[in-house]
Amino acid sequence: MPAERFVRALREAGWATLVVAGLSFPIIAYRAEPDFNNLLALQPRWPLFWQFCAAAFLLRFLLAFWSGDETKAKAPREKNWPKLPWLGPLALVFLTIYPLAVVALLGPQAALKWVDTYGVQILIYVLLGWGLNITVGLAGLLDLGYAAFYAVGAYAYALLAPATGLGFWALLPVCGLLAAFWGFCIGFPILRLRGDYLAIVTLAFAEIVRIVLINWDVVTHGEAGLFGFPGLNFFGLPFIPGPRGFAAHFGLPFQGIQKQIFLYYLVLVLALLANLVSLRLRRLPLGRAWEALREDEIACRALGLDTRNIKLTAFALGAFFAGIAGCLFALRQGFVSPSAFTFSESALILAIVVLGGGGSQLGVAVAAVFLVGASELLRELTFLKSVFGENFDPAQYRMLLVGLAMVAMMNFRPRGLVSTRAPTIKLGATS
Amino acid sequence: MNWLDDPILRVDHLTMRFGGLLAVNDVSFAAGRGDITALIGPNGAGKTTLFNCLTGFYQPTAGRIAFSSEKLDAEKIETLTRSARKHDGETFLLERMADHEIVRKARLARTFQNIRLFQGMSALENLMIAQDEALSRAAGLSFIGLLGLPSWRRAEQAAVDRAVAWLDRIGLKKRADDPAGSLPYGDQRRLEIARAMCTKPALLCLDEPAAGLNAAESHGLAELLRGIRDQGETSILLIEHDMSVVMRISDHVVVLDYGQKIADGSPREVREDPAVIAAYLGVEEQEEAVEEAVLSGGGA
Ligand SMILES: Nc1ncnc2c1ncn2[C@@H]1O[C@H](COP(=O)(O)OP(=O)(O)OP(=O)(O)O)[C@@H](O)[C@H]1O
Ligand SMILES: [Mg+2]
């Protein structure tokens, strides 16, 4: 038996190595670099290539050898999470005290990063994930261009705030509505498309938006982007030092972090509101129609549902959330440029939804914390420089993390972190 | 002879062509109000295609489909045909209407040859989606529903009651919260019929509801359909291969073969029609089974 197993492992390792060699030949064996004349020169890197092949062979061989005779695919056994009714309230309490606790523990200077990057940024992604969850998770319309609506929201704020003089309270819904309007517009031409075709068109739409933002110089200032627009204020009190600022009004010492803490709570409240709306909509005819559309469009039509309206509302509401998130993004950065709204942004948000297990609010939130939080944590791993050399930038490997998370998910929870679907109405509860 | 005196549906010269294939070829028939009308014919005869034309899933190549849940008046149909309108509020020309309009306005509901339930959603949810019309109105563009106003809650409760009544009737009340896809096959068939009934149709179109059911289950199904007819609010148009079911419950039988109507009449007349016997005998693999079914159906 061991001999047979050895041969089989050898064979599998051979195949795996061939695949790795084929894939890495064009990217690893040669590196294209511009020389002095700005022409591309090919730099051979054969040792690296052989290292890759050897690593693939060895790993695959060990894996095949030790995993025994299980050549047949096992049906993945997904265990349901235990029901944890206290999880929601606990998370809420944690989120509420989080920024204050961090400031108390680390002091206002060191806490800035924890409130801003790990707090505000992740919450914005949670909001984006919940928005896209409506289009993709509930209605089942694969949208690869979600960042376009995010961009519309951000640019709407950056352009309208100086032009109209309105504050962000007034502009927040405007940003959402503008993005929803675009969601509606993109919804129309693709009503008849399904699946892959729909995904491709949304992808193209997002590229169009980005390219318009780059090239419409007079309005958007191209790649340079927009900055210097009015920032956040506390019900009319700006976050500035001096007698007219927020700190002076409340008799507090001025600290830069006050603005971030206010933004944190603003995003938190909006995200919770979005969550509440999503959860309630799911129990209304509209939300049920979205899920029915995902399950079977033809059956929907046979029951008299107007699938056109269902698709349009799913696109528009998902886009509305993205517009709000875009506005918050502009407030957080104080600067918007097209480079923030590339395809990888759409892909990241989609990854959050897929990893979370389409249709589940909690799963999406956890996935956002994991994917965004972990990729930020990568930046912190500066000690890796001592291993891989000074030129190593761990943040560059962000997407690798997304990929690893996806592979792990396919193996262990192929339908996402939270894959069980709770019925929107239960007989036990109503009768 | 309800289908001549008081039809609910009248199909005139309906033709559906797919490229070179005439799936439905110049078919005319009527279905009586309060009747169970059976549409039978060998495989590939064009029965499902005819259904798809009736329910707006296909745009027929030619022909007219007139429908009225109140009273089908020949003169009104003519007036409507000459105008460009789809309906006059009472009489509907289905070939001019979109699928969801046919369900909502004309009140026609259908099931599918291969069951199309919302598999991942619970049995109760399936029946709630079918009542979308009333619920959407009560939810007022979702705003009233989001606020949870009493008018919405009342409407929701009414919908749940209706759904539960149907679940009870088909014996699935215990499994109301289970995903529809996890139910046994026979239960899924009945749930699909209940779901269609929740749209409050005037005409219920069933595409082979007894397919894949065992003898006891098809007996139960026949009782269910008879019960629906006897309530008097819904007429039934039924495609069926199971002759024992057809002969037992139908008031009127229309036979299609190669897209054309070859017989039309009471079950007794159709059973003795030489053209029908020839059509069925022509299909070799079905030959004996059908002959037997026809004969035993006659005894029942
Ligand atoms: N969308 C379509 N495109 C092309 N041909 C079609 C289409 N739908 C049906 N047909 C053809 O039309 C003919 C009638 O098909 P239909 O499904 O209506 O038969 P049927 O009477 O329902 O048969 P069965 O008893 O097997 O369900 C068949 O030859 C079929 O191949
Ligand atoms: Mg058929």
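Quick reminder: no glycine exception, Cβ is built from N, Cα and C everywhere.
Under the heading transmembrane segment, TrEMBL lists A:12-29, A:49-66, A:86-106, A:118-136, A:141-160, A:166-190, A:197-216, A:261-281, A:312-335, A:347-375.
With a cut-off of 8 Å on Cβ pairs spaced 6 or more residues apart, the transmembrane segment (A:197-216) and the transmembrane segment (A:261-281) reach fewer than 3 such pairs and are scored as not touching. Proximity of the transmembrane segment (A:141-160) to the transmembrane segment (A:312-335) is established through 3 or more Cβ-Cβ distances under 8 Å for residue pairs spaced 6 or more apart. Against the transmembrane segment (A:118-136), stretch A:347-375 has more CB pairs under 8 A than any other of A:12-29, A:49-66, A:166-190, A:347-375.
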